[in-house]
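Taking it in order: structure first as structure tokens, then the write-up.
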């Protein structure tokens, strides 16, 4: 026999340890006592004799007396006593150890056995490779060898009804044997992002400028000349680092935020309890419940199903639905979608042991695709860079011509070039100095802050949108939503709370109320219990309703249990479900075929839209149990009841029943029999109240120029009532005005008529997914930017077709979320309006910063050009500055400060701006109009003109005006230029006159302004050697602030000047220029 080691040691040593505990202390005590007594009685005597014998010896008859004193003798006696005691104790221990060894040897010699450690042998009859091969190859032969699905269930030590045990030990064992439901994500390509930043043409130009500046500087000034080129390299490093971090941060944020979307909740049974768990916690052996719209979370086998059809296009590429059943095809692949029916599934493979896991592991979520606005601003940046290069080339030509014609002088006033006298070395050095100026101009012209601003505002807005219950899956949608002109929305859960409750109940033509089961005949009540409890997709267990995601089903189910006395366990025990017909949007109903066990009778139950069910009925039942024929009068009365509930905003659900005869049951053709000659059992009205604030949100959309259209499965009257309550249509509007139509009517329109009426239609009732798709296509055909909400698996195509797909986070299926651009986490229409506001704010913020950045670029570029060609001396290596001057230009660090620090901080101040409410009073962003509007050109040109005028005056007359030397004059130019940008940030905040509106609470804005001013002070006053500046007095600082502050009143006056709506460049007939295409959508 095999024993565990632990048990073996316990059994073999227990008796010995018990005996040892008895005699070991006694032995030790006896030994110690004997030693102590001996030492006490005989120790002093023996010691004295010994010492006397040792010390009292004689040599040649001469006796020697002891040399120890009396005190020393006492110390020696004490030492000898202690030493002897330790010797006795050591001897006692050795004796006990020897006896123990002999005893153990004698005891163990009597046993004959082998000790092994044995772990429980789990899942010995099956392994992971065979399970993977079974599902992916759909191998029936292998399934037969396992003993069918039941054999696999047994081998995996689970139970079809109760599931796995689910305790910690069981889960750990399954993880060890079959792995976890996780896939290895590809590593983040951080270094790749940095390399991508270096591929940017702007960075390449800066690197070229740095190389030239470094080479020219060292050639001209030796090792001391490294500072200019080195400064540019530092700037390149900073720009690259900022760009890489800006690209990585939103990606990491998106990964972090997407975990909520990837963390799908799966419905399983464990230890006899139905529960929701994370898909990542799923293990082999779990029993999973699947329903329409679910993603299959792992490979598995069908235990039982009802009309199950699966979309395997994500794995096979085939869009045709695959029927999955227990007999012909019981195999389910991870990552596929349930298109119809529901089922129970046994998990056989998870994670990297599935084709889906391997595919997801090989996919990288990193995408270098730019948003439309990023692409267009990149084109704008390159265009301005090209203009800068052209101007730099012209400057180079002018300076070379002036040099070789003798119009440039050195510092001593002599001609820099004299034909036949100037050496080649001097010519080369002069050309090197001249080349520095066009390099400076090219560097100053590049508005690299534009792309950085877009990245910052998208990352910031994406994070803030999450706080407003919107998870952005596609960054381009952040921009596109600001241009939306139409929102097509669902009713259930979006405009309403999706918390339904049964409020009206009719039996035949009699109103019963909410709960009056005692007034209903027993036979009718029994049939109602069957229709409510068995014709449902709840797959109920006990009285648990919380697993339901269909609120209408949940409301009816709760009503049946709580108000009508339905016992679901009793129903399940007394009836057998033969066939299930799931609800779909085309038929607007669901059905079930059941057999009653007590008498074996077959019953048909139908439930759905009242007009559909009523058309299938030939009789109706009264509360007394009497069945009557539906004549014309009765049918008209029933239709009136249905319309009355709809007019009150109630969703009406009809129940019908039919008892099948033996002949109908024997022929096996159930489908036609399920839909003919039914008896109407009941009409139930459900109320789903509107969400708080939804009416205000709809009105805000309408004021913002965005039309809201409701597409719902409710009947016309109910849909119209909800639309009026939400503010989508006017209560005084005539129902025949064409604003409310049914889906069938919309489909039957001719193409031209449908396109024409698409704008006018506000509500589509009894709509299918195809109706929603038709509406989206019609609106796009008319030039609208369409945002559409979707939650079902059928909405996936509609979400892809729309310009902006908005899936619902709570009731939306996984397929709907995967095909959407933005996930509305709380399903609330109010959140959609917040997203709309953010989209407009993003566009507006980027326009504000573009206006600021272009003003800086244009002003610095023109100042560079004028001052460079007017210089009377050969330029030095220090002419690499935004406003370089002829005689004593300032250093490269000043250019880097203006371009990098001011640009980056200004981007923070202008792009991280929460959208204000007034932005919703403006029309949607027109994608056909130029990004840079006439208003922006007006502001840019006036501010740039003011800066150019003032700085050129100071450049040429500043020394006499301020009575300073050239070095202080250049410091004043640099200081005024930077402060002009600081004051211009205020003007750029708003396109309207009041630039200070709602600015007091902008802490970040004031922090950025303060930081720029403080750093500017440090640059001028403390870094004078490195930045080539001179300290300024209080009066000079005041003059700088005063000149820069003039931009405020100029900005206010300029905004009073009206501008035409027609873009300026259309007057110049530049339709064929790339610039026009670049700045327009």
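One is the number of the first residue shown, and numbering goes on along the chain from there.
Glycine residues also receive a Cβ, built from the backbone N, Cα and C atoms like all the rest.
Annotation source TrEMBL lists transmembrane segment at 23-42 (among others).
Under the heading domain 'Cation-transporting P-type ATPase N-terminal', TrEMBL lists 145-218. Along the domain 'Cation-transporting P-type ATPase N-terminal' (145-218), the predicted structure has mean pLDDT 79.
The feature transmembrane segment is assigned by TrEMBL to 201-218 (among others).
According to TrEMBL, the transmembrane segment annotation covers 230-249 (among others).
Look at TrEMBL and you will find 380-404 (among others) tagged as transmembrane segment.
The annotation transmembrane segment is assigned in TrEMBL to 427-460 (among others).
Under the heading transmembrane segment, TrEMBL lists 852-871 (among others).
Annotation comment: TrEMBL describes 891-912 (among others) as transmembrane segment.
For 944-966 (among others), the entry in TrEMBL reads transmembrane segment.
Panel annotation: around the transmembrane segment (972-992), residues 847-849, 851-852, 855-856, 859-860, 881-883, 885, 890, 894, 897-898, 902, 906, 909-910, 913, 935-936, 939, 943, 947, 950-951, 954-955, 958, 962, 964, 999, 1005, 1008-1009, 1012-1013, 1016, 1020, 1029, 1032, 1036-1037, 1039-1041, 1043-1045, 1047-1048, 1051, 1055 of the same chain, lying at least six beyond its termini, place a Cβ under 8 Å from a Cβ of the stretch. What TrEMBL lists as transmembrane segment is 972-992 (among others).
Cβ atoms under 8 Å from those of the transmembrane segment (1004-1022) belong to residues 893-894, 897, 901-902, 905-906, 908-909, 912-913, 971, 974-975, 978-979, 982, 985, 989, 1029-1032 of the same chain, restricted to positions at least 6 beyond its ends. Summarising the annotation, TrEMBL assigns transmembrane segment to 1004-1022 (among others).
Listed by sequence, the residues of this chain that lie at least six past the ends of the transmembrane segment (1034-1054) yet keep a Cβ under 8 A from its Cβ atoms are 938-939, 942-943, 946-947, 950, 962, 964, 968, 972, 975-976, 979-980, 982-984, 986-987, 993, 995. Feature annotation from TrEMBL assigns transmembrane segment to 1034-1054 (among others).
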